[in-house]
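Asks: Starting off with a structure, shown below.
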Amino acid sequence: MSASPSIRPTAGIAPPLLDLRIARKLYGDRTILSDIALQVARGEIVCVVGPSGCGKSTLLRIVAGLDPDFRGSVTLDGSALAGPSARVGVIFQEPRLLPWLSIADNVGFASGARGGRDPSVERLLDEVGLAGVARQLPATLSGGMAQRAAIARGLFGEPDLLLLDEPFSAVDAITRMRLQTLLLDVVHRHRMAAIVVTHDLDEALYLGDRVLMLAPNPGRVDDEIQVDVARPRDRRDPSLAAQRARLIDAFQRFHDRAAGDPAGIPITSA
């Protein structure tokens, strides 16, 4: 399937908050991303999936202002972004909490204040269920609690856009599902937009209003799925099965092409 020239917000959602244009992104002589045009509306969650090495994390770094060396533009609410911005929150695969600071000081790190009581930090910790551990150090938290602290830190300063790079891949299945539901709650409550990079197809279909499939060599949008399933979603909803099969077929195609085997070995058994 050929790349889409422009990926628009889901029908019925407000005008775009984010307008991303990547004509080309190079690493040395290799083209990592090419011909990407993506718009995301406020209140919308877009999930990005694709095989390893297709440029998913690079795309997030560009939007976050951490990788300015590309041909194109990033516009947020009509204003060009040329570097990191308080209007864009980032949540990584690992919590990356500073071990010598309390949970509260980690969440409010960008403010520069330490040791005091910040009402906005206290509100965020309460929102993610960590009000009782504000003065504890990161080493005392479970993996799921640490990632909730990272979500609170990403929300500090009331960003308009939240970027998440495989945020729940390092926790167990039940914790992952709880964190996914927490993410949906905070995106809805704060009326922000979110882009989630994930390798988990079920996670993408549960979280996303849209799912973008990136093809590799170079990274480009190969397919877009509108997830027209009402929220709150049931993870067992059979209407998600056909969309999941479509994503699996795309992954099989990419892997077979990379291996030089057009027939390939089926992912599912007969």
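Cβ coordinates are placed from backbone N, Cα and C, and glycine is handled just like the others.
Quantities reported herein were computed from a predicted structural model and do not represent experimental measurements.
Per Swiss-Prot, domain 'ABC transporter' is recorded for 17-241. The ATP binding site annotation in Swiss-Prot covers Gly50, Pro51, Ser52, Gly53, Cys54, Gly55, Lys56, Ser57.
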Asks: Counting every protein chain present, what is the number of Cβ atoms, excluding its own, within 10 Å of the Cβ of Lys56 (ATP binding site)?
Replies: 23
Asks: Under 8 Å Cβ to Cβ from Gly55 (ATP binding site), same chain, six or more residues apart: give me those in sequence order, or none if nothing qualifies.
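Replies: Looking at Cβ-Cβ distances below 8 Å from Gly55 (ATP binding site), excluding near sequence neighbours, one finds Lys25, Ile32, Leu33, Leu214, Pro216, Pro218, Gly219.
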Asks: Just counting, how many other CB atoms are there within 10 A of the CB of Ser57 (ATP binding site)?
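Replies: So the number of other Cβ atoms within 10 Å of Ser57 (ATP binding site) is 17.
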Asks: As a test of the contact definition, list every same-chain residue at least 6 positions from Gly53 (ATP binding site) whose Cβ is closer than 8 Å to its Cβ.
Replies: Pro216
Asks: Identify which of the binding-site residues Gly50, Pro51 has its Cβ surrounded by the largest number of other Cβ atoms within 10 Å, counting every protein chain shown.
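Replies: Max Cβ neighbours within 10 Å, all protein chains included: Gly50.
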